[in-house]
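*Asks:* Can you keep this structure in mind? I'll have questions shortly.
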Amino acid sequence: MLVLGLETSCDETGVALYDSERGLLADALFSQIDLHRAYGGVVPELASRDHVKRMLPLIRQVLAEADCVPTEIDAIAYTAGPGLVGALLVGASCAQALAFAWGIPALGVHHMEGHLLAPMLEEQPPQFPFVALLVSGGHTQLVRVDGIGQYELLGETLDDAAGEAFDKTAKMIGLNYPGGPEIARLATQGVAGRFVFPRPMTDRPGLDFSFSGLKTFALNTWQQCVSAGDDGEQTRCDISLAFQQAVVETLTIKCKRALKQTGLKRLVIAGGVSANKALRASLEKMLAEMKGNVFYARPEFCTDNGAMIAFAGCQRLQAGQQESLAISVQARWPMEQLSAL
């Protein structure tokens, strides 16, 4: 089965072609980072307009790269949520229109299920069951995964997502958007131990997260440094390191608890923050000590992309899942509501 995947949940326009027998044939991505940088974050209306501008050229690019014509495509998968409604509607409308014109089915895919399954595009994919850490700008969740659509939520953030906390903290100390990569970059030049930030909710049982207090702690630390006239580049580096260490250690502690609670030895990390090198190193060390394995997607498939949507859609379409031509998207969509295959 040959599936065209379309991703437009936020500020990246992603298109890909995935074949159930040959694997990923082509993928293309346009990031809107430069467009939103001047505003310090994503502007929904601008995101939607840019998706409209980029979608068809990217589809043509992917078809040309794969040497494919529309008559060869068996189905279209598109991100139906969660995400920005206007942005989602661009992808959904395009998918349904093309599906109607080409006489093929279109299927809405859950954005986070796409992220969760992205490591399966690698040469050594994880086997079910496993624990997944979904960590991005909008989500921080621990999920037990027994199969596609068989998801048990173990814990989630009670306020800010980890990626959101990265971006907001970066903005508070004067770094550019997107803040996560900027903090990671400065952290490599930080002096360890100058600042020590708390590891939120690790002193109590449970698998939930909270990052709003950590963000406030970072802000107070920065304001104290500014008041003392110590607001130079090295202080930004030191705060970045302390903040990143706190987030990474918190996520690692919670992942270890989840693995012990479930008795599993396989961990998948997915979502934009999973590209963070410090997080990967920490989880790899923890899994090595537990004699387990950690899996993640290649860096370009950690952030939003069309390949993960094409793959996830292909799995569901092959299992017989169908959808009407109605255009329906959801800004909020709990993954536990998905049907099992």
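Using the three backbone atoms N, Cα and C, a Cβ is placed for every residue, glycine included.
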*Asks:* Of Asp160, Asp167, which one shares the substrate site with Leu134, Val135, Ser136, Gly137, Gly138, Gly180, Asn276 in Swiss-Prot?
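*Replies:* Among the candidates, Swiss-Prot records only Asp167 at this substrate site.
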*Asks:* Can you give me the same-chain residues 6 or more apart in sequence from Asp167 (substrate binding site) with a CB-CB distance under 8 Å?
*Replies:* Gly41, Gly137, Tyr177, Pro178, Gly179, Gly180
*Asks:* What span in Å does the substrate site cover, taken as the longest CA to CA distance among Leu134, Val135, Ser136, Gly137, Gly138, Asp167, Gly180, Asn276?
*Replies:* 17
*Asks:* Which are the residues of the chain, His111, His115, Asp304 excluded, whose CB is within 8 A of where the CB atoms of the Fe cation site average out, their centroid?
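*Replies:* Going along the sequence, the neighbours appear as Glu7, Ser9, Thr79, Met112, Gly114, Ser136, Gly271, Asn305, Met308, Ile309.
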*Asks:* Based on DSSP, name the secondary structure state of Val135 (substrate binding site): helix, strand or coil.
*Replies:* strand
*Asks:* Nearest by CA distance to Asp304 (Fe cation binding site): which of the binding-site residues is it, out of Leu134, Val135, Ser136, Gly138, Asn276?
*Replies:* Ser136
